[in-house]
Ligand SMILES: N[C@@H](CCC[C@H](N)C(=O)O)C(=O)O
């Protein structure tokens, strides 16, 4: 029987990014990719973009080791919107206003503020090396990589920036993020051989040096209303190209995020809201083997 059967969950969202939070710090057995897929897609399940599973802390000074599942059952190293939901949940239960969590991408410091309904996650340092993102072949300069779709002499999308924010991102710079069928191009680009671990695909329009608009096709989850790590990746990529300031507001289909790429330590801070929707317990029937 799945460790999730009869277990409590909270359905939340981070500016429209659908998040389920499960606190499994007291559970002996782990959540499996099959469990994660069942929650997202079985009849009576709880559809989500990311499932945030809190496991027992592995390191002193951390609240939990967090495993992040996409709705296709794959695991991600980072999820900015999901982290704000976890943080809100924990802070409301404990009264804390700061906490440190461990994810596969490393340690994340989080705090409430700068206003009571806002949560900030220090998403760590971006990585730009082709092996770190990772890309399948060497690119000395990942501010623009050679990748295009459409006719060779008149590509529809081309020359994205590539960044790792604990997960791989490609950002295509466009004039209008709504002018492209991202539902069609997203899966082609996510699974392009240049991305050996697949990639999150973002369309970004730089409005001015302080404002950027994006839409994202998420690796393992598809079209979402918001992707926090994509907002961070876009902000640092735009600053690297000297087309935006290091402190920008990113508008996503589900809302806005403040992103600061801090000069003094190279860390990326993401600030935004987290919304609680409802809570419940998982029906064991969700995890029953199909006969
Ligand atoms: N929604 C997230 C990113 C989720 C992970 C992503 N789909 C991946 O597999 O890398 C966010 O808010 O950052």
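Quick reminder: no glycine exception, Cβ is built from N, Cα and C everywhere.
For the substrate site, TrEMBL records 17, 70, 80, 81, 167, 200, 218, 219, 228, 229, and the single candidate of 50, 112, 131 listed with them is 50. When the alpha carbons of residue 79 (active site, proton donor) and residue 229 (substrate binding site) are compared, the span between them is 6 angstrom. Of all the binding-site residues listed (70, 81, 229), 70 has the fewest other CB atoms within 10 A of its CB. Figure note: comparing Cβ neighbours within 10 Å for the active-site residues 79, 227, the maximum is reached by 227. Counting Cβ atoms from all protein chains shown, residue 219 (substrate binding site) has 24 others lying within 10 Å of its own Cβ. In the structure shown, across all protein chains, 17 is the one of the binding-site residues 17, 200 with the greatest number of other Cβ atoms within 10 Å.
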